[in-house]
């Protein structure tokens with residue numbers, strides 16, 4: 001039987017909204033965010049927003065409280081727990097950040113469902129302030145992918161996962177769920193036995209629609225949390241039956 005690995009993007013896929021935008025809006029940073037929007041790469045812009053919160057006297061507990069209000073649709077929660085209980089290996093590959101993702105998942109009792117989270121790391125500085133760092137450290141040579149932002153190439157993450165499973169006695173089959181342009185690079189790494197689930201009318205879906213001959217995986221689009229749940233669990237069931245037969 002193949003091991004089913006499910007890779008979730010986070011923003012606008014696992015959650016319906018965007019965790020960065022949620023914090024910016026809920027914590028009153030909209031004005032300064034738009035002032036700086038096109039002066040910094042997104043990852044560094046969000047780090048700058050954390051410094052702005054510090055200057056306003058906001059604490060890390062204030063950020064935690066904000067993140068706890070971020071909803072996750074009940075259909076997604078049910079899908080995650082069902083896939084986990086079915087023996088799937090669930091991972092997150094996201095251009096959000098470690099702190100935001102973990103606090104949202106913890107609040108919804110989901111963090112233990114995921115074996116790994118590949119995202120931009122976070123740390124606390126000497127003053128106890130949250131800092132957001134790039135996944136691909138500035139200390140390392142830049143990746144050469146022109147499809148992805150400089151701070152995170154999801155295709156390299158997929159290469160790592162593929163390489164780490166090369167000696168497995170049990171083959172892996174991947175299901176990749178995403179919405180953004182940054183999800184196109186890992187989609188190109190999927191094989192004929194894998195599946196990609198793009199969100200309808202979002203950038204990943206549009207890139208796949210414009211470049212169908214580049215995609216080896218079977219495409220299963222979704223447009224709502226309920227549809228995502230239904231299709232994902234159907235795929236898990238189908239793969240399991242195929243491998244058991």
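Just so it is clear, glycine is given a Cβ too, placed from its N, Cα and C backbone atoms.
Now, the feature entries from Swiss-Prot:
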type	residues	note
ACT_SITE	9	active site, nucleophile
ACT_SITE	11	active site, proton donor
BINDING	9, 11, 179	Mg(2+) binding site
With a radius of 8 angstroms around the mean position of the C-beta atoms of 9, 11, 179, what other residues of the same chain does the Mg(2+) site pick up?
10, 12, 13, 14, 94, 178, 180, 183, 199, 202
DSSP on the residue listed as 'active site, proton donor', three-state: which is it?
helix
